[in-house]
């Protein structure tokens, strides 16, 4: 019997080489070493927030026997499709695309002259969120107006000069700007230059005056919200199919990236007066549904219907991703975790109700998973490195903490055995569970 490997703390200790050294799995080339960690993942894992506070790591049995974690949750009256928090994190706007039909007057045989009245309630509300409770602050959908302007694919809260503004991307191609400082109805303006549905909107990080929109009509448009005429300042045609997502670079705010129906991603420089992208990458087999910039300003992550999350160095000429994460379902939204340079969260388009946090250096299994929603999450956002908010078509808004997430690797079997064609046996055991080697018995 030959002992080939063993498990310690859930990670495989590989056999030493001729120099007595163990192999490492550091960061690959292309990452900025000042931002992305190259720490080894051979044996130990960096401490989680709970471990950094002096708490011991839990065993799988402790995890299973612990009382169930309950996130802060709030039920809305209709399905939710997107959310966005205010710059201070105290308020969150939630938006829906599909309405709940309420029959307010019922036609009965005893009153044949009474006509039934219907109200389709599409959610568009601002919530006040604390660590203890969630309350409704403003209902932006006032009155009985059933315009498709209220049916939203996306919603974003402004920043800096536009911190009192909210932008929604409507299914009818309109972009609606809401002013929370207005009395009465909060509608500030309706922008109607796109010919098909708008999929994403995005405020420029530094000033907040510039807004980008990505549409099914294949165009990206930029708007100066100081201009009362509501005309597009620039239009960027990717010479591709529908634009599924667009995001400003958080460091170089004159740059933005977009993901397209064809599976490509493009990087644009707004200082370039020529209407052509700086870089184009064939990223996915099928539509690219979401993109997100790393805080280092050079690294971009993309997610697609091909069930992958890929990480790219947008300053390099390489057409190969630096990391590839293979997921269980199509990836609809991603966002890098603040303060953790190698971690990114994702949710699926269909069939997966989990909200997953991945370490790009360990792409085969999620580091953390939240599974409190009963349907697939449709939107999420990090409020801090440990707090994440989410919404879903189950009509729930939730505020999660990372301490409530479970770690999938802790639920996996840590013992294994196998033979090769030469009759050699290889096995692994979990020493933390009290198992012993043959020669230790």
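Backbone N, Cα and C atoms are what each Cβ position is placed from, and that goes for glycine too.
TrEMBL entries are annotated by machine, without manual review.
As annotated by TrEMBL, compositional bias 'Polar residues' applies to 18-62.
The region 'Disordered' annotation in TrEMBL covers 18-68.
The repeat 'WD' feature in TrEMBL is assigned to 191-233 (among others). Under 8 Å from some Cβ of the repeat 'WD' (191-233) lie the Cβ atoms of residues 153-163, 165, 167-177, 240-248, 250, 253, 256, 258, 268, 270, all in the same chain and six or more residues away from its ends.
Residues annotated as repeat 'WD' in TrEMBL: 281-322 (among others). Residue counts for the repeat 'WD' (281-322) under DSSP, helix first, then strand, then coil, are 0 helix, 20 strand, 22 coil.
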Grab the pLDDT values for the repeat 'WD' (281-322) and give me their mean, rounded.
97
If you run through the repeat 'WD' (191-233) with DSSP, how many residues end up as helix, strand and coil?
0 helix, 19 strand, 24 coil
